[in-house]
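Annotated disulfide bond per TrEMBL: Cys34-Cys43, Cys72-Cys81, Cys110-Cys119, Cys148-Cys157, in sequence order. Summarising the annotation, TrEMBL assigns domain 'EGF-like' to 8-44, 46-82, 84-120, 122-158.
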Amino acid sequence: MDTLKILEIDECSSNPCQNGGSCMDRFNGYQCACVPGYEGAKCDIDIDECSSNPCQNGGSCVDGVNGYNCTCVPGYGGAKCDIDIDECSSNPCQNGGSCMDGFNGYQCACVPGYEGVECDIDIDECSSNPCQNGGSCVDGVNGYICTCTPGYGGTECDVDVWHVVESG
């Protein structure tokens, strides 16, 4: 009776599995168990995690090993660019102005007496020189006060008090 000898070769001895995959010797072959992020018979294919388009709102995807990173467009944040950033959360509007969040920005609605992108400029109501007859103007918030020279009165120093007394 003839005896058949089978020579078993360890196909894993050449380390065919790449990228950290582990090799399991099989009869007449081998099988690779791939680490997360890789696939293929030899674990030589990097899985493209960006193929499912995980980044939202115009974000761009950068594939990595067993993961991805989203680069978000201005106005959006989060791992998948799925969070609308509230630019009003930092309370940019000053002096009682109210903030309205917009796409990648905000607008302030200023209370009377203030202006500017962030309501940070006190409007100078004295710039139009409302005080007459040499009166001096003191600017206030949304108003002014005139300090009149002797002989004049009224909110804008426009009343000749000597003339009123003489005719009275």
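Including glycine, each Cβ sits where the backbone N, Cα and C put it.
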* If H, G and I count as helix, E and B as strand, and all else as coil, what does DSSP give for Cys148 (disulfide bond)? -> coil
* To do: For Cys81 (disulfide bond), list the number of other Cβ atoms lying within 10 Å of its Cβ atom.
  => 21
* Structure fact -> Cα-Cα, Cys157 (disulfide bond) versus Cys81 (disulfide bond), nearest Å, comes out at 61
* Asked: Helix, strand or coil: which one is Cys110 (disulfide bond) in, per DSSP?
  -> coil
* Which numbers of helix, strand and coil residues does DSSP report for the domain 'EGF-like' (84-120)? -> 4 helix, 13 strand, 20 coil
* Would you mind checking how many other C-beta atoms are within 10 angstroms of the C-beta on Cys110 (disulfide bond)? => 20
* Structure fact -> Rounded Cα distance, in Å, between Cys110 (disulfide bond) and Cys148 (disulfide bond) is 31
* Asked: Per DSSP, what is the residue count of the domain 'EGF-like' (8-44) in each of helix, strand and coil?
  -> 4 helix, 12 strand, 21 coil
